[in-house]
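In what follows, a single structure is set out as structure tokens and then discussed.
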Amino acid sequence: MDLVQWFAAPLQYEFMVKAILVSALVGLVCSALSCYMTLKGWALMGDAVSHAVLPGVVIAYVLNIPLAIGAFVFGVGSVLAIGFIKAKTRVKEDAVIGLVFTGFFALGIVLISKVKSTVDLGHILFGNVLGISDSDITQTVIISIITLVTLAILRKDLILFCFDSTHARSIGMNITFLYYVLLSLLSLTAVAGLQTVGIILVVAMLVTPGATAYLLSDRFDQMMLIAIASGVFSSVMGTYISYHIDGSTGGCIVVLQTLLFVIAMIFAPKHGLLVQPKAAESP
Amino acid sequence: MNAIRIDIENVTVAYHGKVALHSASLQLQAGTICGLVGMNGAGKSTLFKAIMGFVQPAGGRILINGLPIRRVQKSSLVAYVPQSEEVDWNFPVSVHDVVMMGRYGYMNLLRIPRLSDQRAVREALERVEMWQMRDRQIGELSGGQKKRTFFARALAQQGKVLLLDEPFAGVDIKTEKMMIHLLMELRQTGHTILISTHDLASITTFCDQVVLINRTILAYGNTSEVFTAENLSRTFGGSVGDFSLATSQLAPGNQEEQEWT
Ligand SMILES: Nc1ncnc2c1ncn2[C@@H]1O[C@H](COP(=O)(O)OP(=O)(O)OP(=O)(O)O)[C@@H](O)[C@H]1O
Ligand SMILES: [Mg+2]
């Protein structure tokens, strides 16, 4: 099969066209946010929130309200719970994060097992972009617009918040507000990512592109572009590959993202493994 | 420029119930440089954080021209340079980007720099002799260059109050002199400056007033009256050793610096 065929063949199916477009959009949005996640050191937080939204998603399914609302409530709720337990007990932060998000996640699994008829556990856990419904597409588009517009408007404030929140405070910026903005966007994009790669792998969408770009650039804007390029590329190619090998779409996307990271790790012009000996030699 | 006055009234700060600063009172006046001196753990940084509103005093209050800090922060009035920047040095920002952050308070929602912002940043970078390095990623700087960058950010902010927590730690003697020179210029234009330092030798060269601190304010007033051997020995628990005030003219033989940083 030649290359043109390889790319063109899936496009005769409407579901594939939709899947590719949705994956690309989700890749774009998650990658944009991933820059802030990696720079703020929020990878673990991203993992926690993306898992903790599960019960919210299930409840929203049952109540027939937008999943994003349920996810939002539980995403923010989990972080408040983490903050509360950390402040009130002597348990260390990583342990608190670990126990809170697994607790929420477990609750979600219990809920799913009780409402099996309407919710497919597999689709939530592993994504189902090939069978995405129109209402889910609408929701993804709305989430994407909200996220991208917010990131565009607050770009510099969020950079400063991630870089030096002490200075942000000292010039009177409301860092509590920025904290919750970032947290809310995280919860929302977790829902968007859930459609394509599923809840288990969504954290990869929210961390890996940013980490890859971080190795390749010393300029924020450049980093953002690289993250988006790698995220969109992995999403689109991953969807194609999953079609051709008839394998898990989410799995393919995340494997590709990880490959890109490994390539960057080895070959990055400034921070790659290959250049490090040279850097040590130079005066 | 309107004069800014800071009143610190009976401020007590405690961390987890442990008092770090007890009942501190002092006034900072416009057009003066006030030096803050005390040993490690004496509460210098705590005093700065209290002025910035980063720690909530257990008692007392701090007023800036009669207003609490929260009311004046938005106007970029107070520029604060912490003792050590708790930042990720690999963060993808350049020296120029960092100094521009000092201007955010003057910009609109999108933080698009205007000509005046560009000019203030350039001027600040030139004053600390960092303009040539403006495009460097901040992790590619030496320790002293990092200090200068953050000092430049405070200059670019053009606050009428400067709070500098050990700006000389780890900078060479030439840079220290340059910074002192800049501070003296700012004093002339009516700025209110509080600076902590362990470089006792340079204090008398540029500080109008001195605050000696050890968990509370031991002495406070004009440098010539307060900065005495007796008071210093009280401040450092008799461990000033052979430090002699006669040599404190920022002379070439400024060897103490190493010890104190
Ligand atoms: N965040 C904190 N939590 C608990 N205790 C603290 C905290 N920050 C400071 N302290 C304590 O408060 C006291 C004063 O600390 P501070 O940082 O103000 O000292 P300093 O005068 O700035 O010292 P140095 O010269 O070493 O910078 C110290 O005993 C310190 O251990
Ligand atoms: Mg200190």
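Note that Cβ sites are derived from N, Cα and C of the backbone, with glycine treated the same way.
Any TrEMBL annotation is an automated prediction that lacks curation.
Per TrEMBL, the features are as follows:
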TRANSMEM  A:20-39  transmembrane segment
TRANSMEM  A:59-84  transmembrane segment
TRANSMEM  A:96-117  transmembrane segment
TRANSMEM  A:137-154  transmembrane segment
TRANSMEM  A:175-192  transmembrane segment
TRANSMEM  A:198-216  transmembrane segment
TRANSMEM  A:223-242  transmembrane segment
TRANSMEM  A:248-268  transmembrane segment
**Request:** Please work out which recorded stretch in A:20-39, A:175-192, A:198-216, A:223-242 has the most C-beta pairs separated by under 8 angstroms from the transmembrane segment (A:59-84)?
**Result:** A:175-192
**Request:** May I ask which of the stretches A:20-39, A:137-154, A:198-216, A:223-242 has the most CB pairs under 8 A with the transmembrane segment (A:175-192)?
**Result:** A:137-154
**Item:** Criterion met for the transmembrane segment (A:223-242) and the transmembrane segment (A:137-154) (at least three Cβ pairs under 8 Å)
**Value:** no
